[in-house]
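Engineer: Straight from TrEMBL, here's the annotation block:
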ACT_SITE  CYS83  active site, nucleophile
ACT_SITE  HIS146  active site
BINDING   ASP43, ASP44, CYS83, ASP293, ASN294  Ca(2+) binding site
DOMAIN    35-359  domain 'Sulfatase N-terminal'
CARBOHYD  ASN208  N-linked glycosylation site
MOD_RES   CYS83  3-oxoalanine (Cys)
SIGNAL    1-26  signal peptide
Amino acid sequence: VLLCAMDVCLIQTLILFCSLICCFWADTPSNKSTPNIIIILMDDMGWGDLGVFGQPSKETPNLDSMAAQGMLFPNFYTANPLCSPSRASLLTGRLPVRNGFYTTNAHARNAYTPQEIVGGISKDEILLPQVLKKKGYVSKIIGKWHLGHSAHHLPLEHGFDEWFGAPNCHFGPYNSSDRPNVPVYNNSQMVGRYYEEFGIDKKTGESNLTQIYLEEGLDFIFHQNMAQRPFFLYWAADATHAPVYASKRFLGKSQRGRYGDAVMELDYSVGQMLAWLRALGIDKDTFVFFTSDNGAAVMSGPKQSGSNGPFLCGKETTFEGGMREPAIAWWPGHIPAGTVSQQLGTVMDLFSTSLSVAGLSVPDDRLIDGLDLSPVLHNNTLINRPIFYYRGNEMMAVRVGPYKAHYWTWSNSWEEFNQGINFCPGQEVAGVTTHTQQEHTMQPLIFHLGWDPGEKYPISVVTKEYQDALSRITAVVEKHKKGLVPGVPQLNMCDMAVMNWAPPGCEKLGKCLKAPKSQPWKCDWPH
């Protein structure tokens with residue numbers, strides 16, 4: 001049975017009703033000392049998927065409106081070009097090489113948390129909701145967790161009070177003997193599995209999951225507001241991750257097929273959440289930030305992936321297309337409307353900035369990579385800071401100002417490329433999008449991202465511009481490496497026995513499956 005979300009018309013009716021009841025509150029200046037915080041994280045959505053960044057299909061009217069009412073960040077980055085490490089960095093404020101979300105099984109390899117992964121987020125890491133508890137925040141994650149699926153790695157063990165969603169990607173369906181379908185949790189208990197109780201029709205692309213996630217988000221906001229408790233909502237829907245999906249109402253509505261349909265539904269959902277905040281009269285009391293976990297997965301082809309705009313390559317790579325993300329900050333009455341910030345930002349900044357918004361300090365017993373962007377949000381000031389592009393255990397590139405230096409280049413292997421797996425389709429740049437790992441540490445490739453955002457024209461090494469840029473970047477790299485103490489890698493070991501065979505709550509549903517004998521091995525990360 002496919003679980004149904006709240007009817008869209010009912011949602012709109014409730015928003016209108018609350019607008020009428022709460023309208024006299026909405027115009028009242030806010031003096032709330034503990035603002036609510038909402039982080040909206042998309043999955044594999046590219047920089048070029050938003051109309052405000054030039055997407056010609058115009059599928060994002062609500063996000064474009066959000067940008068017009070808030071602050072747009074054209075230079076915002078993930079901490080890693082892959083899902084799990086990026087999410088770990090968002091919630092810890094630390095690079096994956098520090099928080100352990102990387103592998104040392106091979107050089108410069110992307111690693112994440114498939115069902116067979118043994119590891120997950122370390123108990124030694126401090127996550128955003130754990131710190132927010134000091135100010136009485138109630139925290140909920142909706143959607144994809146992706147930081148480990150063993151019981152001790154799940155969200156409620158790491159500061160979240162509530163959860164509705166899944167620990168892994170929505171790959172499947174599986175036959176339950178070789179591999180189980182991924183469970184969907186309500187708090188600490190599974191309530192079904194993808195492709196079983198929670199349907200995804202891979203043939204048509206139809207699924208109600210985004211609507212279910214929207215209902216969960218609106219309901220959480222409503223109840224925390226009624227209880228007058230500050231809340232943190234981490235809304236991590238995954239409809240734009242292959243296999244992409246959308247509900248029946250949105251299928252066939254876009255100009256970009258199923259992927260565009262998913263974008264339209266997610267855009268609609270963001271619009272509904274912002275309208276709900278206004279209807280409840282708490283929009284001026286709520287800091288909202290929208291971004292994505294990594295670049296569009298262009299290797300999946302145009303029907304299953306989005307656009308990275310003018311940037312090179314996509315997900316899995318440390319070229320701009322893999323790590324530059326769409327980003328919008330929204331907080332009426334606090335963030336000047338219609339502003340564009342040229343600040344270099346990262347998902348790790350959401351950790352430090354959210355704590356600052358809540359009136360809290362970052363943990364002082366560890367190095368935090370994320371910056372507090374509050375001065376940027378309120379005054380549109382610029383903070384001088386570098387961006388580090390990591391792939392696994394290797395720092396591949398660094399950006400300082402408009403200059404980006406590549407110390408290593410690699411798209412994916414010749415073996416994969418010859419099998420039709422292309423991380424840079426239609427964008428091969430000789431000597432840059434290399435299919436072997438090429439080291440450039442003695443003479444980095446340097447690009448000016450202002451006039452060359454596509455990283456096609458390396459600056460000549462004989463020019464003064466190159467030497468000046470290299471001098472500045474070298475100082476930053478030396479300082480970074482001198483203070484770098486890598487965390488214990490959490491993504492080295494795999495074992496079929498640890499998959500989601502018998503998650504908590506499976507007994508009540510009769511959904512427990514027998515696990516195979518434990519036979520751990522070193523995970524093979526091909527790219």
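Note: Cβ is positioned from N, Cα and C throughout, glycine not excepted.
All annotation found in TrEMBL is predicted automatically rather than curated by experts.
For each listed feature, how buried is it and what is near it?
Structural biologist: Non-local contacts of CYS83 (active site, nucleophile) by the CB criterion (under 8 A, 6+ apart in sequence, same chain) comprise ASP43, ASP44, TYR112, LYS144, HIS146, CYS169, HIS241, ASP293, ASN294.
Around the Cβ of HIS146 (active site), 28 further Cβ atoms fall within 10 Å across all displayed protein chains.
The number of other CB atoms found within 10 A of the CB of ASP44 (Ca(2+) binding site), across every protein chain shown, is 27.
Just so you know, the Cβ of ASN208 (N-linked glycosylation site) picks up 21 other Cβ atoms within 10 Å once every protein chain is counted.
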Engineer: Along the domain 'Sulfatase N-terminal' (35-359), what average pLDDT does this model show?
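Structural biologist: Averaged over the domain 'Sulfatase N-terminal' (35-359), the predicted model reaches a pLDDT of 98.
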Engineer: Just to verify: the residue among ASP43, ASP293 with the fewest other Cβ atoms within 10 Å, which of the binding-site residues is it?
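Structural biologist: Each of the binding-site residues ASP43, ASP293 was scored by Cβ atoms within 10 Å; lowest is ASP43.
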Engineer: For the recorded Ca(2+) site formed by ASP43, ASP44, CYS83, ASP293, ASN294, which further same-chain residues have Cβ atoms within 8 Å of the site's Cβ center?
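Structural biologist: After dropping the recorded site residues, what remains is MET42, MET45, LEU82, SER86, ASP238, HIS241, SER292, ALA297, LYS315.
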Engineer: How many other Cβ atoms sit within 10 Å of the Cβ of ASN294 (Ca(2+) binding site)?
Structural biologist: 32
